[in-house]
There are 2 protein chains.
Amino acid sequence: MDNSAVPEACPGVESANAGKGSACAGCPNQQLCASGEAAKPDPAIQQIRQRLEGVKHKFLVLSGKGGVGKSTFSAQLAFALAGLDHQVGLLDIDICGPSQPKMMGVEGEQVTQSSLGWQPVYPLDNLGVISIGFLLSNTAEAVIWRGPKKNGMIKQFLKDVYWGDGLDYLVVDCPPGTSDEHLSVTSYLSASKVDGAVIVTTPQEMSLLDVRKEINFCRKVGVPVLGVVENMSGFVCAKCGTETLIFHPSSGGAEKMCQEMDVPFLGRIPLDKELMECCEKGTPYLAGIHSHEDEGELAEQIQNEGVCRKAMRSVVQGMVDGLGAA
Amino acid sequence: MDNSAVPEACPGVESANAGKGSACAGCPNQQLCASGEAAKPDPAIQQIRQRLEGVKHKFLVLSGKGGVGKSTFSAQLAFALAGLDHQVGLLDIDICGPSQPKMMGVEGEQVTQSSLGWQPVYPLDNLGVISIGFLLSNTAEAVIWRGPKKNGMIKQFLKDVYWGDGLDYLVVDCPPGTSDEHLSVTSYLSASKVDGAVIVTTPQEMSLLDVRKEINFCRKVGVPVLGVVENMSGFVCAKCGTETLIFHPSSGGAEKMCQEMDVPFLGRIPLDKELMECCEKGTPYLAGIHSHEDEGELAEQIQNEGVCRKAMRSVVQGMVDGLGAA
């Protein structure tokens with residue numbers, strides 16, 4: 001099915017008039033529609049359902065605007081879930097700007113093929129990552145692809161990656177916006193049970209403006225909104241302790257917007273230089289990743305965490321609790 | 001021409017084999033290619049050239065990653081150029097996340113039609129703005145469009161907007177990435193002289209990674225890189241004056257990358273709460289916008305500007321100087 005040149009007055013593939021209306025003349029799908037083939041769902045949707053049958057929880061990480069920390073949050077959430085001894089998969093479907101190879105500290109690694117499917121790259125034993133970044137010959141290479149090629153890649157990732165015997169969590173890191181990648185991933189996953197979407201934002205109205213669009217997108221395509229995370233929620237000067245709301249919540253911030261839009265608010269994560277450094281280095285931000293370290297020592301580390309790490313931990317815990325047993 | 005279902009082994013529209021190769025079977029463009037029509041350039045390219053004939057300088061504002069301040073920079077650059085008494089147009093081609101109606105303080109305004117074409121919205125007498133944001137019935141409405149519909153909208157903006165008798169500068173604010181919108185805008189403008197592209201980034205390697213992709217994209221499509229602006233270059237605490245490099249330049253920042261990639265470095269703009277507030281309120285950040293205010297007073301205002309405003313002013317001046325006479 002080729003949706004790029006569908007006429008404005010398309011009668012719809014399920015209409016009795018499909019392929020036969022006057023608007024259908026010249027449409028590339030005319031024959032397909034007239035034959036009734038177009039009304040049949042893409043067989044990949046069932047193949048994807050089978051492929052992901054062993055995955056207990058699947059959710060999307062979305063944002064309206066770019067650069068609000070969506071990939072940072074996805075990466076650290078994946079590390080944190082793995083630190084809680086879960087089996088975790090992280091799928092990066094940002095085709096033109098893949099961040100996860102670097103954020104997970106596995107830049108330069110390669111995806112391999114086996115008889116079971118494509119093998120993710122494993123930064124930890126219980127954490128696999130897939131990204132188009134692993135398929136490029138060099139990191140500066142631009143992926144200059146229009147929508148349909150991006151959609152094909154996403155379909156292949158969902159259909160052909162072998163995530164092991166089963167996963168507790170599959171985290172799908174999406175690009176910003178409400179376009180090809182988002183329509184494709186939600187349509188391809190329509191037969192696989194998706195828990196929902198987490199939306200990341202900054203406190204600015206400029207970002208919340210796009211979050212409202214994203215929430216309306218989720219409602220239109222039938223993906224539940226698990227909640228909204230407010231990132232870059234203020235900056236505390238390490239020298240004098242003064243907090244500055246650099247990204248100013250001029251309209252009351254994410255919590256107020258969540259009330260207005262009737263979606264859960266998952267919490268606030270302040271701007272933290274150390275979090276940025278972890279992303280640049282591809283290392284976990286929260287302690288507890290090496291699950292075999294001394295338990296007393298780990299408890300002490302967690303006890304002594306600063307306000308930003310505590311905030312991140314609370315958001316992760318809230319999500320895990322919200323999703324139910326893994 | 002419908003590029004969505006083109007086979008991998010497409011012989012190319014200009015090949016003698018176009019529409020006749022074995023790979024062409026089933027391609028929606030087979031007939032178009034076999035007839036030779038597909039090799040003819042899109043007539044819109046010449047219509048756009050004519051429409052923009054009176055525009056002295058046209059340039060794109062790009063970024064690799066989202067959220068680095070591309071729209072903020074575009075908005076404040078447009079205000080600043082207008083403040084220098086130029087005729088300025090600002091075209092927002094971020095179809096799924098339009099920021100300019102709010103950033104220019106003209107949210108809720110409408111684009112009107114006249115016999116000369118679509119009329120931009122004018123936040124100032126000498127500054128017109130076009131954005132899909134003006135066409136939506138409410139600001140929370142999601143534009144859930146795949147590539148071809150986005151491309152159609154961009155073509156219409158370029159072809160049908162009447163920018164007045166002539167413009168000194170047309171600033172095109174693009175979405176992040178290297179996909180549909182970027183291919184379309186550069187192809188539609190291929191017969192109109194484009195000065196080049198300004199690329200905005202943060203100091204982080206995570207953002208520079210995508211800037212390298214964007215520079216390679218510009219090289220592939222033949223758009224000169226006018227230079228790179230490093231935004232969010234550090235934060236100075238207003239209370240104690242300590243500077244924190246929140247977005248850490250782990251690989252040496254944009255200046256070093258510019259040397260490596262052999263493109264001009266346009267300067268650094270630090271994180272500034274006031275700049276963010278101007279964007280949220282849709283007001284100009286630099287003084288001098290009201291060109292009829294007292295000259296001595298204006299000179300004094302400029303003299304007393306803080307480090308962030310001075311940095312922004314220097315970047316704008318560098319760009320104007322680089323582009324030559326308006």
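Start at 1 and count along the chain as shown; that gives each residue its number.
Glycine too: its Cβ is placed from the backbone N, Cα and C atoms.
Copied over from TrEMBL, here are the features:
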type    : residues                                                               : note
BINDING : B:Cys10, B:Cys24, B:Cys27, B:Cys33                                     : [4Fe-4S] cluster 1 binding site
BINDING : B:Gly64, B:Lys65, B:Gly66, B:Gly67, B:Val68, B:Gly69, B:Lys70, B:Ser71 : ATP binding site
BINDING : B:Cys237, B:Cys240                                                     : [4Fe-4S] cluster 2 binding site
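Positions of the features from TrEMBL, shown on the structure.
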| residue | record | Cβ neighbours (10 Å) |
| --- | --- | --- |
| B:Cys24 | [4Fe-4S] cluster 1 binding site | 20 |
| B:Cys27 | [4Fe-4S] cluster 1 binding site | 19 |
| B:Cys33 | [4Fe-4S] cluster 1 binding site | 25 |
| B:Gly64 | ATP binding site | 27 |
| B:Gly66 | ATP binding site | 27 |
| B:Val68 | ATP binding site | 27 |
| B:Gly69 | ATP binding site | 24 |
| B:Ser71 | ATP binding site | 28 |
| B:Cys237 | [4Fe-4S] cluster 2 binding site | 19 |
| B:Cys240 | [4Fe-4S] cluster 2 binding site | 11 |
Original post:
For B:Lys70 (ATP binding site), what is the tally of other C-beta atoms lying within 10 angstroms of its C-beta?
Top reply: 28
**OP:** Please tell me which one of the binding-site residues listed here (B:Cys27, B:Cys33, B:Cys237, B:Cys240) sits closest to B:Lys65 (ATP binding site), measuring Cα to Cα?
**Re:** B:Cys237
Original post:
Under 8 Å Cβ-Cβ from B:Gly67 (ATP binding site), six or more apart in the same chain: what's there?
Top reply: B:Pro176
Original post:
Do the binding-site residues B:Cys24, B:Cys33, B:Gly67, B:Cys240 include any whose Cβ comes within less than 8 Å of a Cβ in chain A, and which?
Top reply: B:Gly67, B:Cys240
**OP:** Give the distance between the Cα atoms of B:Gly66 (ATP binding site) and B:Cys237 ([4Fe-4S] cluster 2 binding site), rounded to the nearest whole Å.
**Re:** 25
Original post:
If you count Cβ atoms within 10 Å of the Cβ of B:Lys65 (ATP binding site), leaving out that atom itself, what do you get?
Top reply: 28
Original post:
Among the binding-site residues listed here (B:Cys24, B:Cys33, B:Cys237, B:Cys240), which has the Cα closest to the Cα of B:Gly69 (ATP binding site)?
Top reply: B:Cys237
**OP:** Do me a favour and check the Cα-Cα span between B:Cys240 ([4Fe-4S] cluster 2 binding site) and B:Cys33 ([4Fe-4S] cluster 1 binding site); whole Å is fine.
**Re:** 67
**OP:** Work through the binding-site residues one by one (B:Cys24, B:Cys33, B:Cys237) and name whichever has its CA nearest to the CA of B:Ser71 (ATP binding site).
**Re:** B:Cys237
Original post:
In which DSSP state, out of helix, strand and coil, do we find B:Cys27 ([4Fe-4S] cluster 1 binding site)?
Top reply: coil
